[in-house]
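Undergrad: Take a look at the following structure, please.
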Amino acid sequence: MSSFVNLESLISERGANCRGADEIVNNETTRILTSQIEHSQRSKKVNIRNKLSVAECDAFRARYGGAFDVNLTHEYTAPHSLAGALRVAEHYDCIDSFPPEDKIIDFGGSWLHHYSRGDSRVHSCCPILGPRDATRHEERMCRLRKMVQTSDRFVDVPDFCLNKAEDCNVQADWAICIHGGYDMGFQGLCKAMHAPLERGILQGTIMFDGAMLFDRQGELPLLQCRWQRVGTGSKEQIKFDFINESTLSYVHDWKNLGSFLTESTYSIGGTTYLLERMLLKCSIMTYKIIATNVRCPPESLRHCIWFENISQYLAVQIPIGYNLNDWKTVRVARATVREVEEISFRCFKENKDWTENMRSVASILSAKSSTVIINGQSIMSGERLDVLEYHLVAFSLTLNLYQKYEKLRNFQGELEWKGWANHFKTRLWWCGRTVSTEGGFLRNFLADKIPWLKLNTYADSLDFITKISEVESFEVDSVPTSRLRSFFQKEENIVERAASEIMSANARRIAKKAEMSKEFDDFVDAPEEFAPEDVVEEVINTPVTQDVKLRQSKPETARSIVLDPDAVLKNGAINEFADYSKRLHENTVSNLRHLWTLMGCRGNEIHNKSVAETYHRVDDMVNVHFPNGHWMYPLKYEYTVGYNDGGLGEKFENELYVVDKTCSCANAKAIADACKKVSAPTCSVVMVDGVAGCGKTTAIKETFRFEKDIIVTANRKSAEDVRKAIFGDASDSEVALKVVRTADSAIMHGLPECHRLLVDEAGLLHYGQLLAVADLCKCSEVLAFGDTEQISFKSRDATFRMKYCNIEYDKRDIVSKTFRCPQDVVSAVKILKRKCANRSSKYNGWVSSSKVEKSLSKSRIVSINQVSMEKHKFYLTMTEADKAALCSRAKDVGLDKTWVESNMETVHEAQGKAVDHVVLVRLKSTKCDLFKSEEYCLVALTRHKRTFEYLYNGDLGGDLISFYVT
């Protein structure tokens, strides 16, 4: 049945005045009127899809809530969300200030924004000033195509060009500039308005902070943006960095942005342009530039600029880096300076050394610019100074007091007649002033004719430079211009391309609608002789076409785009693990560099041993090796690398270097480099997911085939346990070391090819780590043994986000019978899983063959001295701090180092262990989330065969172990 209605036939048959036709006309008229009303109101409605905080929502509504119908949908998280939301509203605000039917030019704006709103009166000048602008055009093209394919509204070509604003020939009376003034400046905007066709009024917005005129850096708190001025003169720039954002920052010439703060008028020919700063809200300034050709008489303009209480501050000059040739301005509260001067002047003693007077000034300055605690309440006295500038401000204020004191004394002295010589000096040399930065006639004449004469004070020629430190900043602020050629060549190309994109997208949309319409048109009642089996048989017997065969064949080129989701997932996991390993190496280098600097290590000497002593008390693995071969502290650990000015790496006996716990096995960089060379394997992954004590190590031993298999473990201790289980006394043999390896060793040094890869405690491995090993050994199957509910892979960098750390398996075999755990542990774990709402856990149905009925107990202790050390027991802790305390306790009672290392571990380290007697020790009642962790508590409760004793000091909220152990 056709989907189209023949109106002419309907009218001829039924009549134009029939009720149905009348309703159709009325409905269509209503729809058109509704559409027109919605279009007229579109400029009054602002849809903001960014997620905003409560404070940001309030600020946005306070700024634009009255002028527009603000709709905050909170759909997605966007970088610098408030700034982006404000920018959308700024477009509406600026455009709404002009006549609704007049042409408007947008200097540097987004043509897609106006096109999506259907506002055809706005022409956008979008020059490509760098890679960012070029890539923005690419992104807009993608979004343009998406809009055209999903809506019938977009049929016209966007109205924009790639010309700079001053080169654009589009005629319009009005212009807008939304955050484009950073690259053009006030005078640049005036030139763009003037040539080639004059535009009457421009309205724009720009980020604004009055402190930019005085400070070198500052913050726009509501926008979460920091700004910093760098460089000097014509090369000075201002940088904007959004706090806690990963997006690109912004760098602009200071002279362009500064012009909006310092300039007010500019004339070109007979046209005068006036800058009017209209409104400052949310650290965004809305301004207007108005052009006039009217002959204007001279006038002194005074502009009220919002410097947010800037008049309450004084500029104090302080030296930079103890260099008397370089000074900077520091803002100090006017009240603080005046009170310091008032009190200090009363304490000023001429017979004192200047340092004594400076101490008095510093003491008073501290009292007037610090936090005072009275009756337990903090009261701010004055305004706090930067701790790095406090002493220099005190120094400058002291010199200022000396200067004022000397001025008064000289003034008093000049009141007395001291002869013609003194009269000559004060009148002709100093122009009647005893102290002046400007000389008199004679002094200026000599300085001009004989410039090499030293007519100023000794400070002008004093060269006193103290170089304290060098700080290098790695910055990438520019890209070679040649890179831009890969984006667009000519303006005609991009305009033609936009038209082509619209035609292509519209054609595809129309074709899709026609195809859907055809499907409905062809849908008719099937004849009686029609049978569904005929269609099935026809499809089955239809030969495969050549096109289909080509699509099924493998690509001939080596560089092919990976479209298989499984391959994409595996490549992502490997790359993530490589990046994670690289991050660990960078963290190690950064920490050691910081330690090296704090210790004051230079050359062959360490200048600040107290820092080393402090760090060593916290971590006894921190040590310093001297060039004479001795260590600062007795050597108790083995280190493979060290750090000094030569970087992190192997060191010689005659070098000075520092070490910490990461230097015992620093292999992260080697692992990262090796992972970059592997690719995603095609082998299958079978997960043997067994409960604690189900005999995973025994299963590995029975499954292992020497000729075909290789075993990989998560850590060195697991590898030693597996070697002992399989090879017995020959666990240190070359063969055992070759076929049973740790994952890190396999990645760094490689391993033989095999048919099957067996993995012990697979849950402790990163998925990318397991895949890298599988690719290196070219196996066809990975048999991973582990427990998906015990402790999994944990990142050692809290800031590194993991996406692929959990192992993805093709098949999972569940083992729910334990041979190790006593019966009361089985019951306790079942309750634990139910309390944690883990209804799908395999532990809900696990059973035990153990004959031990009662094993769990707990006791309260008040100190570590109540922990008895018994050689037949295994001691567990949740934290490294508790473990270190237990190790010290064991050494105090005379237990040897070998026993301590083999019988005291953290719960994380003990995963996979099986012992008869376990003692879990908690020495503090401070917050520890590990005792609330389901996986950590599961591991702790399932290590023993016979007894489990929980020794705890104080009550801890949410302690799952204490809850289930009675």
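From the backbone N, Cα and C atoms, a Cβ is placed for every residue, glycine too.
The model shown is predicted, which means the values in this text are computed figures rather than measured ones.
OK, Swiss-Prot features for this one:
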type: REGION; residues: 49-381; note: region 'Methyltransferase'
type: DOMAIN; residues: 71-261; note: domain 'Alphavirus-like MT'
type: DOMAIN; residues: 660-815; note: domain '(+)RNA virus helicase ATP-binding'
type: REGION; residues: 687-951; note: region 'ATP-dependent helicase'
type: BINDING; residues: Gly690, Val691, Ala692, Gly693, Cys694, Gly695, Lys696, Thr697; note: ATP binding site
type: DOMAIN; residues: 816-966; note: domain '(+)RNA virus helicase C-terminal'
Undergrad: Applying the rule Cβ within 8 Å of the centroid of the Cβ atoms of Gly690, Val691, Ala692, Gly693, Cys694, Gly695, Lys696, Thr697, what extra residues of the same chain belong around the ATP site?
TA: Ala699, Asp787, Val815, Thr818, Phe819, Arg820
Undergrad: Write out the long-range same-chain contacts of Thr697 (ATP binding site), meaning residues 6 or more apart in sequence whose Cβ is under 8 Å from its Cβ.
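TA: The answer is Asp721, Val722, Ala725, Asp760, Gly912.
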Undergrad: Which of Val691, Ala692, Cys694 (the binding-site residues) has the most other Cβ atoms within 10 Å?
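TA: Compared across Val691, Ala692, Cys694, the most Cβ atoms within 10 Å surround Val691.
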Undergrad: Between Gly690, Gly693, Gly695, which of the binding-site residues has its C-beta surrounded by the fewest other C-beta atoms within 10 Å?
TA: Gly695
Undergrad: If you count Cβ atoms within 10 Å of the Cβ of Lys696 (ATP binding site), leaving out that atom itself, what do you get?
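TA: Other Cβ atoms within 10 Å of Lys696 (ATP binding site): 21.
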Undergrad: For the domain '(+)RNA virus helicase ATP-binding' (660-815), what's the mean pLDDT in this predicted model?
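TA: On average, pLDDT over the domain '(+)RNA virus helicase ATP-binding' (660-815) sits at 89.
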